[in-house]
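J.: Got a structure here, written out as structure tokens. Questions coming.
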Amino acid sequence: MDHNRIRIRRRHSDLKLGFCFLLLIFFLSVVESSIHEYNNEPFTPQLNSFFFHGGSEGLYASKFLADTDRGTTLDDSQKQQEQRPPINGKSFVRFESVTFRRTKEATEKQNAMQQKTGLVEAILFEVKDRDRIGGSFVGSDALCCTPELAKDGNCKVGEVIIHRQENGEWPKRIQTFFEGQEEEAKMTPLSVEVDSTGMYYLYFMYCDPQLKGTVINGRTVWRNPEGYLPGKMGPLMTFYGFMSLAYLVLGLLWFLQFVRFWKDILQLHYYITIVIALGMCEMAFWYFEYANFNSTGARPMGITMWAVTFSAVKKTVSRLLLLVVSMGFGVVKPTLGGITSKVLLLGLVYFLASEALELVENLGNINDFSGKAKLFLVLPVALLDACFILWIFSSLSKTLEKLQMRRSMAKLELYRKFTNSLAVSVLLSVAWIGYELYFNATDPLSELWRRAWIIPAFWSVLAYLLLLVICVLWAPSQNPTRYAYSEETGDDLEEEGISLTGSVDVAVKTERKEHVFGIGGEDLEEDKRE
């Protein structure tokens, strides 16, 4: 008895590992989308079954339930109703034009007079119910029913094993049969309404080895109560709306200062203005892209391309701005000199790498990129970010050293504040990367999908705050000499008397110091000689 119990436990654990592996294989390669397209997609063998991952999304429960969408087929009137704009408040998964095509060899082996000659099943389930698929509850490591299990009445031979609770409707099983020697089997148009909030997975599976080589075509449409936007991405639309307003407010305040002191504007101010404008456009494009996606279920290529491009350009220009400010451009030296070409080259390479990564993440199709393929696009961006950080802090160190040697106290105080802000942002970034790794490691099946939107939102907020710091420190004013480059050494002495707030008292004290150690000092020497 003990040996049998140990064997059953081992089989149970093996089945869990196998099914979790089945979920994990395709989780890394899935791109969020409300419409999942299938174009001659093959099935993958797993244990004693063949499966195809049809999609996975976080779905909220319907705000009200309708009998027409609880897994029933659609008649003509219902089909017409489904073609109209969907009713708000409903959450469902809809199967549209899904067909299965088997090989000619498999077709020729069948009897033309036989009605059912092959079965493909669509299994829709919430991720927390993944242990209900397979024979783990009877101590078997099989996903498909075997004759031994069928004898006990636990399942039917040729079907996927599903263990439901009493009067339970989930996991959902939708069956499609091949008939006679037909090569194609069409799935009946169907909508399955979601009545419980969770992360849902869809698998198309078959158990008959003779169907090996079968491919799937068609699509499924996934919808949340508020629209087609996937559950993970829903809060981001609201977030981008708020960020658009935040950039708009920052832009208005900066513009007022820009106009007020337009006679004292430096070249650096134009670069800051460009970054603010790019950030405003980036957030606005992402908001409209998400809003369009939410209402139509499809990502408009034009708006998405603009959003991706503005995002890549803004990231690149922001990093270049941090770099040139750290080098003391316009403060310690008037130009970048011979390293201008190196700075532009680094910016160009970063833009290309960032653009490629953004395109793959936002325009890719399901299962078109594996985790390894994405890694080759993520690594270059990460390495270039590291290069920017090292170069920025190296340049800051040299700039602070030069300002200290020249005793330019106002500029030194300015750069110390900038250095501290940048150091805090880097520490926060490192801590957040650690949290991301922990989040992804502890939630491989995206069960915490309702909190996942915070991950990308953090980076947008951090970039905004860092830009806000630069705007405050380098704001246009009546005293641009506090951060403007000056060729004459005498200007450095005058700088010491100009504080970051333009205090008049400090300026008066500086004038007194200049009198004591300057002309006044020479008069004292002449009196002693006399």
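Cβ coordinates come from backbone N, Cα and C, glycine included.
I grabbed these lines from TrEMBL:
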{"type": "SIGNAL", "residues": "1-33", "note": "signal peptide"}
{"type": "DOMAIN", "residues": "235-480", "note": "domain 'GOST seven transmembrane'"}
{"type": "TRANSMEM", "residues": "237-256", "note": "transmembrane segment"}
{"type": "TRANSMEM", "residues": "268-288", "note": "transmembrane segment"}
{"type": "TRANSMEM", "residues": "320-353", "note": "transmembrane segment"}
{"type": "TRANSMEM", "residues": "373-393", "note": "transmembrane segment"}
{"type": "TRANSMEM", "residues": "414-433", "note": "transmembrane segment"}
{"type": "TRANSMEM", "residues": "453-475", "note": "transmembrane segment"}
J.: Any residues 6+ beyond the ends of the transmembrane segment (268-288) with a Cβ under 8 Å from its own?
T.: 236-237, 240-241, 243-244, 246-248, 250-251, 254, 258, 303, 306-307, 310-311, 313-314, 317-318, 321, 324-325, 329-330, 460, 463-464, 467, 470-471, 474, 476, 483
J.: Do the transmembrane segment (453-475) and the transmembrane segment (373-393) share at least 3 Cβ pairs closer than 8 Å, excluding pairs fewer than 6 residues apart in sequence?
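T.: Counting Cβ pairs under 8 Å (6 or more apart in sequence), the transmembrane segment (453-475) does not reach the transmembrane segment (373-393), since there are fewer than 3.
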J.: Under 8 Å between C-beta atoms and at least six residues away from its ends: which parts of the chain pack against the transmembrane segment (414-433)?
T.: 322, 325-326, 328, 331, 389, 392-393, 396, 399-400, 403, 458-459, 462, 465-466, 469-470, 473, 482-483, 500
J.: In the same chain, which residue numbers or ranges, 6 or more beyond the ends of the transmembrane segment (373-393), come under 8 angstroms Cβ to Cβ?
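T.: Sequence-distant neighbours of the transmembrane segment (373-393): 28-29, 319, 322-323, 326, 346, 349-350, 353-354, 356-357, 360, 422, 426.
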J.: Cβ under 8 Å, sequence separation of at least 6 from the ends of the transmembrane segment (237-256): give me the contacting residues as numbers and ranges.
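T.: Counting only partners 6 or more residues beyond its ends, the transmembrane segment (237-256) has Cβ contacts under 8 Å with 229, 272-273, 276-277, 279-280, 283-284, 286-287, 290-291, 294, 453, 457, 460-461, 464, 467-468, 471, 475.
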